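One structure is given below, encoded as structure tokens.
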Amino acid sequence: MLDCFTRTKRLWGGFDKYSMVSVLICADIEFPERWIGHRLKGPNLEELIESIRNYSHDHLALMVPSFEKADLCDQETHALFALLICDSELHSDLSERLSPFLEEIRREIFDELHCFYTENMRMSDYSTRLGSLMTICHTLREGNVLFKEFFRMQVKIFDLYVAQTMMHEL
């Protein structure tokens, strides 16, 4: 998700029309029909498209304000990637042996951010920038939960679509 939002902001300058889903895939935010393709037809197609549209809008409403407010530089984006990888909430099932290692990495990231803000950016009070960074980290966790719910719903809708399509063909 972080990569998607970072690429979209850099390439398109915002989240008005397109979203960079990956390095090679760009999605039209307003027309999820294009994501699905023209050949797909069936009784639940409208529900599938509407669920994608609703998820996209909910996801953007959650994520975009934090990203636009923060206006992260490359170093902060890299720190955010590392913080998310080391996030203990995302890795709650990790062994006791690995948790202290991840906490040490997080401490090093914060030390490096302190040096970056004070030495490179010449900031004496960088609490606002660090707060924005941590807000994005928290928002991405919320977005991850939203994605899991969306994915479960998509699987149900798609399974229902496949079952109805197969029954129709029979």
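These residue numbers are counts, starting from 1, taken along the chain as shown.
Note that Cβ sites are derived from N, Cα and C of the backbone, with glycine treated the same way.
Curation plays no part in TrEMBL annotations; they are all automatic predictions.
Marked as domain 'NR LBD' by TrEMBL: 50-149.
Each residue of the domain 'NR LBD' (50-149) gets a DSSP state, and the totals for helix, strand and coil are 79 helix, 0 strand, 21 coil. In the predicted model, the domain 'NR LBD' (50-149) shows an average pLDDT of 85.
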